[in-house]
Amino acid sequence: VLIRVLANLLVLQLSYAQKSSELVIGGAECNINEHRSLALVYNSSGLLCCGILINQEWVLSAAHCDMENMQIYLGLHNISRPNQDQKRRVPKQKFFCLSNKTYTRWDKDIMLIKLNSPVPYSTHIAPLSLPSSPPIVGSVCRIMGWGATKSPNENVPHVPHCANINILHYSVCRATYGRLPAKSRTLCAGIPRRRIGSCLGDSGGPLICNGQVEGIVSWASKPCVHNGAPGMYTKVYDYTDWIRSIIGGNTSATCPL
């Protein structure tokens, strides 16, 4: 049943390109053991995102990935050949920076999901650590997801793709997109003049630097990585206190202003 449902969703999601967000352009199939924290987030309407397992009960994703009837798969690689240890969960609770789920392109695009039951760690399931410090400009980081590998005329793979990109100075994204504030709680990442980056279906997935989740895929250009345009990622380091407070039981904790 899972195979049929997910295969249909990968077709359906293309008609929802404006509702979901940003697959990996310019990457290659991930090694089956390098994305143990990567979650597939979807619903029966065809909306598709990714998430990041940070412990047995909690998944991080992007606020704009919130959807009704959310399903979360962990330990998945090829949707046509399920792994024996893959698990399906649904949200028990969802937490956002603001009660009305308000977020912008440069602030608070983050969602913390408590699973309905703990996920056992296994060969294909393991958590990713929260950052101990913010990444520095020039850092080489890893992106991954089931997002489109071409844009426009998106095609969606049955396996997650991975690629390496660099942390860029925020001014690069300001120059590319304009109208961004002088400061924001986002990271700018990509490879100038090369078409490598996140795309449709990758939203909510990780930007991994030095083995830690430094960013959450938020948004990028349309078409994806047009003329080598960088992508924008929620800066997880700025939200670590909020994340730890929520997980620790302080469900009224507020995000940084």
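For all residues, glycine too, the Cβ spot is worked out from N, Cα and C.
Predicted, not measured: the structure shown is a model, and the values here were computed from it.
Lifted from Swiss-Prot, the feature list:
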| type | residues | note |
| --- | --- | --- |
| SIGNAL | 1-17 | signal peptide |
| DOMAIN | 24-248 | domain 'Peptidase S1' |
| DISULFID | Cys30-Cys162 | disulfide bond |
| CARBOHYD | Asn43 | N-linked glycosylation site |
| DISULFID | Cys49-Cys65 | disulfide bond |
| ACT_SITE | His64 | active site, charge relay system |
| CARBOHYD | Asn78 | N-linked glycosylation site |
| DISULFID | Cys97-Cys255 | disulfide bond |
| CARBOHYD | Asn100 | N-linked glycosylation site |
| ACT_SITE | Asp109 | active site, charge relay system |
| DISULFID | Cys141-Cys209 | disulfide bond |
| DISULFID | Cys173-Cys188 | disulfide bond |
| DISULFID | Cys199-Cys224 | disulfide bond |
| ACT_SITE | Ser203 | active site, charge relay system |
| CARBOHYD | Asn250 | N-linked glycosylation site |
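Nearest neighbour of Cys199 (disulfide bond) by Cα distance, taken over the recorded positions Asn43, Cys49, Asn250: Cys49.
Cβ environment of Cys188 (disulfide bond): Ile167, Leu168, His169, Tyr170, Val172, Cys173, Pro230, Gly231, Met232, Tyr233 lie under 8 Å away, each six or more residues apart in the same chain. Shown in sequence order, Met67, Glu68, Asn69, Met70, Gln71 are the residues of the chain, 6+ apart in sequence, with a C-beta less than 8 angstroms from the C-beta of Asn43 (N-linked glycosylation site).
In sequence order, the recorded positions near Ser203 (active site, charge relay system) (Cα within 10 Å of its Cα) are Cys49, His64, Cys65, drawn from Cys30, Cys49, His64, Cys65, Cys255. Ranking the recorded positions Cys49, Cys141, Asn250, Cys255 by the distance of their Cα atoms from the Cα of Cys162 (disulfide bond) places Cys141 first.
Cα to Cα, Asp109 (active site, charge relay system) and Asn250 (N-linked glycosylation site) are separated by 20 Å.
A distance of 31 Å separates the Cα atom of Cys30 (disulfide bond) from that of Cys97 (disulfide bond). Fewest Cβ neighbours within 10 Å among the disulfide-bonded residues Cys30, Cys49, Cys173, Cys224: this applies to Cys30.
Taking the C-alpha positions, the distance from Asn78 (N-linked glycosylation site) to Cys49 (disulfide bond) comes to 16 Å.
According to DSSP, Cys209 (disulfide bond) is assigned to a strand segment.
Secondary structure from DSSP puts Cys173 (disulfide bond) in a helix.
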